[in-house]
Amino acid sequence: MSPECAQTTGPGPSRTPDQVNRTHFPFFSDVKGDHRLVLSVLETTVLGLIFVVSLLGNVCALVLVVRRRRRGATVSLVLNLFCADLLFTSAIPLVLVVRWTEAWLLGPVVCHLLFYVMTMSGSVTILTLAAVSLERMVCIVRLRRGLSGPGRRTQAALLAFIWGYSALAALPLCILFRVVPQRLPGGDQEIPICTLDWPNRIGEISWDVFFVTLNFLVPGLVIVISYSKILQITKASRKRLTLSLAYSESHQIRVSQQDYRLFRTLFLLMVSFFIMWSPIIITILLILIQNFRQDLVIWPSLFFWVVAFTFANSALNPILYNMSLFRSEWRKIFCCFFFPEKGAIFTETSIRRNDLSVIST
């Protein structure tokens, strides 16, 4: 072991012979060979584009939602979703640094925090989507019974639970990710890598099963059940729409259309999440299986592109949300920028439209 690698590992608990002799998965560290420059430029271009789109999209979505000055539970959860996306994509610059340097040169502290923050923010995202679907279902049931929605304390407690549980569930990654020296395929010497170093196989298997079940499968089941129930209620309500005497007919249709738009948007967010997060969940399970099947090879480059695909979800979420619910606002911004005369007209009409709530509370 070179002195540099020995210093990089830093102080920590003593490692068992099994941990020392084990070949660890290098995650973002990789030896790219002769095409290193071309591959690094391609990776930087893709992740850089995702980072810019995600940053602008989520910030604009936050501003547009806050400007409506609504304080419902759905609004709080949607804002929480955008914040989680911003936190998740904040890891992109660090990932690019590792892809350029190949070896891990960011130190042990960043090694502990990088994957922890990524996992925690991903957990917050799916739990928030599950909470949104559950809140929508409960809200519809409450409205049918003439009851009010959850108060601010309940909303704050729900957000605190989502972040607190996600932080605790991902805590083993913060503890067990460490910098170790390892010789990678294609390399001629050991280099420091940031990897997950479990003390035993049982703990690794237990945590993987626990995390995938409680942070992916269970929220997914909640989402499916909630939206199925919402769909049933929506169909039944539309059949009775013309028979209701509580509101005028035009108001009933307007509310129904708004609820349907919100339902469709949140459903798209849910579908996109499962499509774009399923590959990384499967890859993590394959990395676990790789410990027992040495003939199963998972290249770090494959892991990178799977993570890049997952990063893209954070850029897609605000696009889906904005295009579905804020078309008029984006049209106004476009016209104000390119056609100032038309922008004034959109500004006047948007003031009247702001009185209508896109997100029912």
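Note: Cβ is positioned from N, Cα and C throughout, glycine not excepted.
Look at Swiss-Prot and you will find C111-C194 tagged as disulfide bond. Look at Swiss-Prot and you will find N21 tagged as N-linked glycosylation site. Per Swiss-Prot, phosphothreonine is recorded for T347, T349, and the stated evidence type is similarity to another entry. Look at Swiss-Prot and you will find S350, S357, S360 tagged as phosphoserine, backed by similarity to another entry. Residues annotated as region 'Disordered' in Swiss-Prot: 1-21. The annotation topological domain 'Extracellular' is assigned in Swiss-Prot to 1-45, 99-103, 178-204, 290-295 on the grounds of sequence analysis. Residues annotated as topological domain 'Cytoplasmic' in Swiss-Prot: 67-77, 125-156, 226-268, 317-361. If you look up Swiss-Prot, you'll see 46-66, 78-98, 104-124, 157-177, 205-225, 269-289, 296-316 marked as transmembrane segment, on the strength of sequence analysis.
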Positions on the same chain near the topological domain 'Extracellular' (99-103), where near means CB under 8 A and six or more residues out: 28-32, 36, 40, 43-44, 191-193, 304
Secondary structure content, the topological domain 'Extracellular' (290-295) (per DSSP, counts of residues): 1 helix, 0 strand, 5 coil
Model confidence over the topological domain 'Extracellular' (178-204), averaged pLDDT: 88
Number of helical, extended and coil residues in the topological domain 'Extracellular' (99-103), per DSSP: 3 helix, 0 strand, 2 coil
Contact call for the transmembrane segment (296-316) and the transmembrane segment (78-98): at least 3 Cβ pairs under 8 Å, seq gap 6+: yes
Surrounding residues of the transmembrane segment (269-289) on its own chain - C-beta under 8 Å, 6+ positions past either end: 25, 81, 122, 125-126, 129, 133, 204-205, 208, 212, 216, 220, 223, 227, 296, 298, 302-303, 306-307, 309-310, 312-313, 316-317, 320-321
Set of same-chain residues at least 6 away whose C-beta sits under 8 angstroms from C111 (disulfide bond): W104, F177, R178, V179, C194
